[in-house]
Amino acid sequence: MSPRMRLWLVATGGAGLAALLVAACLDLPRFGGDRHPYGDQAVEASLSRHTANTVASVTFDQRAFDTLGEMSILFAAVLGSVVLLRQTRDEHRARPEPAAVSRPVRRYALLVLPVALLTGLYVVAHGQVSPGGGFQGGVVAATALHLLYLGADYRALERVRPIAPYEAGDALAASAYLVTGLAALLAGSAFLANTLLPYGTFNTLASAGTVPLLNAAIGMEVACAVVVLLAGFLDQAVEIVDEGEHDDGEYHDDPRQRGK
Amino acid sequence: MHHLLPLLVAVPLLGAALLAAGGRLVPRFVAQSTACAVAAGTAALAVLLLTHSSPPLTEWVGGWEPVAGHSVGIALTGDGPGLGMAALVSVLTLAALAYAWRSFDEPPHGHAGAFPALVLVFQAGMCGFATAGDLFNAFVWFELMSVVAYALTGHRVEEARAVQGALAFAVVNSLGAYALLMGIALLYARTGELALTEIGGALDAHGPPDALVLAGFVLVLTGLLVKAAAVPFQFWLPDAHAVAPTPVCMLLSGVMVELGVFGVWRVYDTVFSGPGGLPAADLARVLTVLGALTAALGAVMCWHQRHIKRLLAYSTIAHTGLFLLGIGTLTPEGDDGVALYVVGHAGVKAALFACVGILLDRYGSVDEHVLHGRARPLRSVGVMVVAGALGLAGLPPFGTALGKSVAEEAVGGPLTALYVLASAVTAAAVLRVAARVFLGLGPTPEDAGGASGADAYETTGSGEEPETRQRLSRVPDTMTAVPALLLAGALAAGAVPAFGNAVARAMSEATTAGLVHTSVHWTPVGVGLGLQSTALAVALASVAVARPGLLAVPDRTLPLRRLQSGHIGDYVAWLLLGTAVLGALALPGILSG
Amino acid sequence: MTALTHVLPYLVAAWVFLAGCYGLATSRNLIHAVGCLSVCQAATYVLLLAVGYRDGATAPVFSDLAPGSRPVVDPVVQALALTDVVVGATVTALLLALVVQVAKRHGTVDPDELSELRG
Amino acid sequence: MTEALIVTALLLVAGSATAAVAVRDPVRQSLVLAVLGVVLAVLFTVLQAPDVALSQLAVGSALTPLLLLLTVRKVRRRGQRAAGGGGGSDGRRGGGSGP
């Protein structure tokens, strides 16, 4: 199809869809309206389970089955990108040269790294009482590790980040979530029922029953998943060389110039 | 018993997680047997639940039973159709894993468990979608099966076509999924509910449908029809199915596409069928128009392929069109017919893909012209391909034939003719391939060297690499046993009278709460139509083989082929247009209502 | 609130979705196309959260708020959006992995130059 | 006050989303996408969704652009060679169907 023809098609389809969406928007309840039946019940249910952060209660208790699916998507994506970004037979690895890092950058990165890691863990641990949780904390912690790349170099990163344990960690965290769900079933309740642990004192770390457990499992899963995902792409961008590329060893372009 | 419903998802997921964690420590043999055992266990569970699904099971995950008629949890629906799909998914997964036992030989370094683990996650996603009773939860599983399917399609990353097809698949399906999610958000805004039946009830309570309901319907249907590969959302399917590894093709064509049809049926039945939903006439119009176009386009394009996997992919499109036509009747008979047709089709289509996979691994090509006469030694495979073709045509007593005849009688009129024609043409194309490849009939094609002729707008099957490490010199028993068993299953689905009636009972319990009793049985008209389309298929194939010049009119179909451009932008443009068309087709009832 | 602000968030979501679709259809670079797809997805977050908003309400977190003292916004859509964000990131990653392989096997990331899989 | 904030954030989202589509160069696009991620996070905060805002900040403005940039880098590295050596459409394309 010629670009012109495609543009016509997009214009026609887009105009139709736009008309439909605008008409629908005019029929929607007004923005900021007061009618949220499901939401109100979710808040009640959350309070009855001593969970201060209602969103955590919806994510890890009331609709924990959705989160199982979401976690599986992440798990599948990690497995999928490991498969898709594997080193194929016609490719080889070129070791990147160590690059000099200016001292302020190094100092900054090495200073921020532990802070960021701790922040990530803190966010994971407090998911049931304050905004945040496994996803947010996991991503922060995983990204923090990559400050090493900024502060030292790729090789330093590779030393603290052997991929295999992270892949295993990803899978084990996924299993932990499933096993927590199955344990409730075996205990005579329903799958993923929040009945295993006491609900604890409202607004403390030990509250909300199994929510913190699932939260931790997700946090670990997300952190491992992000590490493995980034590793796959870094590998491709920095190390793996195929026939169509520079592979004469003279390629010392510092990835940070573009990578950051 | 209903507490076991979530296990249909949890068991394969746990299996996949263990395989991913321990896959590098164990030999390939152990990883594969584990995967097969898990898939088989899930299949057994699905069948067990299926036998207890009358009356339909409902599970509130996490024990959030409704309080005062409303629950904050997620509902799972364990009725006949849902569990039936889950069982079909699980059986086919087991078949695909067994088929891949010897043939599929490319574990990424140190990841022996990666492929079986992905297949198990795929199974989990499809089972979750089949049993979902909550719209957002259905979206999550829908997205899971999509994501795994992209990765599995692009699994052979060394192949230029595989990665391109997977990318087109991924882009189009992701966009469809986002449209689905927009639709869910709109419906949630109106109703404040996410459980399917609750959304339906709240829509009815609100009053007659308006633009919001229409938009919600169109967006949700866009997502599902992209998955079902209805025209004009179908472009991704041939690209993806032609390049995916064979075991994956068996699952994609056998059940994943059909789950899109299932989703349309489920969502209409639970959400939009009430007075606050969409008038029945509108849905019937949408499904009939799109179904007829899909069936016609699929059949025509199927006939003009020489890449055998692509040919089978187009035949899946044609049959999906027939399924849509069947559920478009909105009658219990139509539903029964389609349900049975889907079961039979899954067996036949998966078996055909498995046979073509053998050709690929044995001869390193899936091109009809290149393989001319070369597969003579593979007599048993040839017999199975012919049997599969006859199954596609609807020769009694295949399950496809019984389902098709019931659906044919339900649609009535000219659409019956379309049923006969579309199934005959797709079967004829497969018969033609069988005659040329396995018997060497007809003149040797001029371009048997693999180069494409003057018409460059064609995908040949000669650039494909075998999926085994080297070409097979001997075909392993598992690779022939799997298609044979699948064909036997498809045959049994039609030949065992109790099966058809069980399907009918399950469907009527799911839709009309058992108020309408239908029975599925062979009728003289149905058998006659089945024989007629088989005869037509044989006749078409004989003419095509004996006189290739007579039916080869590529010029007339060239505009149609040019639409299949392999260009992602085109596909997205068609998707947008399709959404607008859906809206236009469903509009009259909203305006008058 | 004026009448426009009652629908503005929804219209913005619709606009973002359509803009993403337009970019996706006309893109000349597959990496750019993946970026456009994530724009489409951003529309779904905006729509979901707009649907759950309530005037004068606060976040549904009761760590420093006595339950029942103030109205809160709908927590359910937030959980849905949270799921959606993660799904979006993973889909993007997988798509980019495929783009990397397309670049390797076809030597281009311009969709106009991909010449396989026709007809 | 809240209303003005919401409207401003919404308009910023619409603007940066349009820009992200209109910018055709993938490197610049990923920067605009990072901006879009931040603006979305602001919008979500104003809409009283701190959980979503946090994850949007982490994912939308850091992870996604980073992945995009890494992909660009990989592809560009190939492109340089292809431009120099004409290896753009080398012999490893899949099939015999090329024109």
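Using N, Cα and C of the backbone, Cβ positions are placed for all residues, glycine too.
Per TrEMBL, these features apply:
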DOMAIN    B:132-405  domain 'NADH:quinone oxidoreductase/Mrp antiporter transmembrane'
REGION    B:447-474  region 'Disordered'
TRANSMEM  B:30-50  transmembrane segment
TRANSMEM  B:82-101  transmembrane segment
TRANSMEM  B:138-154  transmembrane segment
TRANSMEM  B:166-191  transmembrane segment
TRANSMEM  B:211-236  transmembrane segment
TRANSMEM  B:248-268  transmembrane segment
TRANSMEM  B:283-304  transmembrane segment
TRANSMEM  B:338-360  transmembrane segment
TRANSMEM  B:411-431  transmembrane segment
TRANSMEM  B:479-499  transmembrane segment
TRANSMEM  B:529-550  transmembrane segment
TRANSMEM  B:571-591  transmembrane segment
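Same-chain residues lying 6 or more positions outside the transmembrane segment (B:283-304) and placing a CB less than 8 Å from one of its CB atoms are 221, 225, 229-231, 234, 238, 264, 268, 272, 311, 314-330, 415, 418-419, 421-422, 425-426, 428-429, 551, 554, 557, 560-561, 564, 582, 585-586, 588. When Cβ-Cβ distances under 8 Å to the transmembrane segment (B:138-154) are tallied for each of B:30-50, B:82-101, B:248-268, the top count falls to B:248-268.
Across the candidate stretches B:166-191, B:211-236, B:338-360, B:411-431, B:479-499, the maximum count of CB pairs under 8 A to the transmembrane segment (B:529-550) is reached by B:411-431. Ranked by Cβ pairs under 8 Å to the transmembrane segment (B:211-236), the stretches B:30-50, B:479-499, B:571-591 are led by B:571-591. Between the transmembrane segment (B:166-191) and the transmembrane segment (B:571-591) there are at least 3 Cβ pairs closer than 8 Å, counting only pairs 6 or more residues apart in sequence, which means the two stretches are in contact. Across B:30-50, B:248-268, B:411-431, B:479-499, the stretch most heavily in contact with the transmembrane segment (B:338-360), judged by Cβ pairs under 8 Å, is B:479-499.
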